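According to TrEMBL, the features are:
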- 45-67: transmembrane segment (TRANSMEM)
- 99-120: transmembrane segment (TRANSMEM)
- 126-145: transmembrane segment (TRANSMEM)
- 133-272: domain 'Fatty acid hydroxylase' (DOMAIN)
- 183-212: transmembrane segment (TRANSMEM)
- 443-606: domain 'Very-long-chain aldehyde decarbonylase CER1-like C-terminal' (DOMAIN)
Amino acid sequence: MATKPGPLSRWPWQDLGNYKYALLAPWAARSTYRFVTSGSGERDLLGFAVLPVLLLRLLYSQLWISVSRHQTARSKHRIVNKSLDFDQVDRERNWDDQILLTALLFYMVNAAAPVAQAVPWWNSKGLVVAALLHVGPVEFLYYWLHRALHHHWLYSRYHSHHHASIVTEPITSVIHPFAEEAVYFALFAIPLLTVVGTGTGSVVVANGYLVYVDFMNYLGHCNFELVPKLLFDVFPPLKYLMYTPSFHSLHHTQFRTNYSLFMPLYDYLYGTLDKSSDDLYERTLHGREEAPDVVHLTHLATPDSVFHLRLGFASIAAAPLAAAAARLRLLRAAAPLACRLTSLLGTTFRSEANRLDKLSIETWVVPRYTSQYLSKDGLYAIGRLIEKAVADAEASGAKANELNRNGELYVIRKPNLKTKIVDGTSLAVAAVLHMIPQGTKDVLLLGDASKVSTVLASALCEREIQVQIVDKDLYDCLKQELRPKLHNHLLLSSSYSSKVWLVGDKLTDQEQRKAKAGVHFVPYSQFPPEPARDDCVYHSTPAVVVPGSLENLHACENWLPRRVMSAWRAAGIVHALEKWDAHECGARVTGVDKAWRAALAHGFRPYDRHGAAGVAKQQE
C-alpha cells in the first residue's frame, strides 16, 4: 500500500479474495441470457463479449508474466540488475483487479446505455476516432496527471504504491490503489465512450483498445529490452510515438523523468525526457552475457508442480506447496495438458537467476517428472537431457553444477570436465544430523539403499549413535559399505521402538502406525512423508535458511517456506563459494562436517520447522 494511504485506496472487493469473481456472475448470466434469447439482428454483441474478453485478458497477462520471468532469468537483456523480492510479489498479486473492474464497468455502461447494445462487430470509422483520441486527449491528460501524482501529497497517498517496485514486471503496470486506477480508467474511457456515443463503435475496436492498452502497459514494464532497433531505423519518428521498456524503467529508477503513457512525445515537448534514455536502450538491447557460476538442475515432481514454478503463477510460486494447495487444486484440470506440453520440450530451460555476493546462480529445469525417472525409457531420455545440460553449463563457464541425482557418469565420460558436479550429499546429511534431537542414542533407519542413506549411517555410527535397521537388504548393503570398525553401531532389528526415525521416500501409513507416540520422523530424502499421525513430530526435508544477501529469491522451493533452500541446492553454492576443486558425485563425498562448517561460514543457517537441537550442533 502507499506510504500514507489516501481515501479510496482499498479495492472494494479486497476482502473477498478469489470470490471477487462472483461479482461478475449476475452480469454474465444476464448478458448470456439476452444474447441467446434475442433475435439474430437484436443481439447485444458487446455485452456478450465481456466475459470471453476477460478470460482472454487473464490468459494474456499470465503469458506476459511467464515470458518476462523467463527472459529475466536468461539475464542477457536485463535492464535493472537489482533484486525482486517476496514483498513485491505480495504487493502485485492483485494484478487482475483492473481486469475485473473493466468487465464490471463494461457491463454497467452496456446495461445503462441502449446505444451500446447495438454496436456491430466492426466499424473502421471507430478505429480512426479511437486512435486520434488516444494520441491527443488520453496521452496528453495522462502526462499531466502522472506529473501531478508525483507531487508529494498525491505521491505519498497513491502513486508511491506503484513505485515501490523498482524492478518492474509486466503486471507492475496495473498495480495501483483503487482511486488511482479508477482515474486511469476514466481516461481510457474517453475513446470508448466517444465511439459508442457517435455511433462509430464496434466490438472489435472497444475490446481491441483494451488489448492495446494491456500490450503497451506490459511491454513498458518488462525488465528486459525487446523492441528491435530496426523499427526506429525504418521509421525514425516512431521514437516519439512508442516507448520502450528501458525508456520507462528510467522513470522507476529516476522518478522525475519519462512521465509519458506510451508516447514519449510529451516528454520531448515539456523537457522531462531522461537524457540517458537512448544510451540505456542501446546498451540493454545489445545485452551482456553473464556466465553462471552455479547451475542448479532440478526437475518437476508432479503435474501440479509446473504451476509452482517461478515462471508460472507468481503468487502460487511465492508460497510453499501446502499453502498453495487450494489454488493448485483449481488448476488441476489443466495439469495433464501442462504435463504434456512440458514433456515435449527437448532441452532444459532457465527458471531462476540469483546472486550471492559476486556469485551468479541459475536454476535450470529438466522438463520431466519424477514418475518418468521410474521407467527405463524415461530414465534414458532424462539422462540425455541432463548430459546436455552439463555440457551447456560447462560451455557457459559454470564453476559448479548441482545435480539432484548422482552425476558420476558425466565425470567418467569427460574426465577433464572443468565444471564441478555436486550432488549435495554431504550438506544434506549434515542438515539431517542437525534435526536429530540432542542426546539421541539410537535411531531407526528406513528406506532404500542410496548414497545419502550410506553417508548418513556412516556419520551416525562415527558419532556412536546406534543405527537400527529392520530391512535386511538395507542392512546388508550398509554393512558392505561401512568400515568394519563402525559395524558395532549397525544393528539389524525387528523393533520399531526408537524415538527417532530417519525415513526415505517410501514411508507408508502402515509403517507410521507402528511408531510410538512422540516419535520424530526426520526425512533424509527430498520428499517429506505424508503425515498420518497427530501424536508424532514431522521434521522438514534437509534444508537451510539462505543468507540475507542472496538476491532475487521470490519463489518457494516445493514445500519449503520462503528463503529456505534444500540442502542439495545449497551445496552447489557452497562448493562454488569455497572454490573446491573436486566433484561430489558417485562415490565421492566432500565431507559432512566440512560441508556444514563451510555453509555456516557463508551465512547459511540450520532450518527445521520444529527447531530440534541436533547432534550436528556439536560441530558448529
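Even glycines carry a Cβ here, placed using N, Cα and C.
What TrEMBL says about a protein is an automatic prediction, not a curated fact.
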Secondary structure composition of the domain 'Fatty acid hydroxylase' (133-272) [DSSP: H/G/I, E/B, coil]: 98 helix, 1 strand, 41 coil
Outside the transmembrane segment (183-212), six or more residues from its ends: residues with CB under 8 Å to it: 45-46, 49, 53, 57, 60, 98, 101-102, 105, 109, 113, 115-116, 119-123, 125-127, 129-130, 133-134, 137-138, 141-142, 145, 176
Local confidence of the domain 'Fatty acid hydroxylase' (133-272) - pLDDT mean: 96
